[in-house]
Amino acid sequence: MASFKIVIVCLALLVAVASARRRDMMSDDELDYHYSKRGIPCACDSDGPDIRSASLSGIVWMGSCPSGWKKCKSYYSIVADCCNQ
């Protein structure tokens with residue numbers, strides 16, 4: 001009887017996994033919009049030395065900058081980079 005219950009549970013899991021819908025892929029424009037809204041603004045080297053008057057044109061990315069973005073801060077950090085497009 002226990003093996004019958006195990007078979008039923010396994011079949012139910014198989015049906016649940018097989019019928020799961022895949023999420024639609026986002027277009028490049030949607031990805032760019034979401035990338036630009038993600039993270040914390042940061043000051044690039046081109047924004048000037050004064051952080052209070054800087055326009056904060058960069059965005060902090062954990063790890064490294066994604067494709068299409070470039071590092072805009074001159075110092076090196078292992079944890080995060082200040083990047084802009």
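Even glycines carry a Cβ here, placed using N, Cα and C.
Keep in mind the model is a prediction, meaning the values are calculated, not measured.
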Which of these links to Cys42 by a disulfide bond in Swiss-Prot: Cys82, Cys83?
Cys82
Among Cys65, Cys72, cysteine joined to Cys44 by disulfide in Swiss-Prot:
Cys72
Test of understanding: give the count of other CB atoms lying within 10 angstroms of the CB of Cys82 (disulfide bond).
25
Once the DSSP letters are reduced so that anything not helix or strand counts as coil, what is Cys42 (disulfide bond)?
strand
Hey, does DSSP put Cys82 (disulfide bond) in a helix, a strand, or just coil?
strand
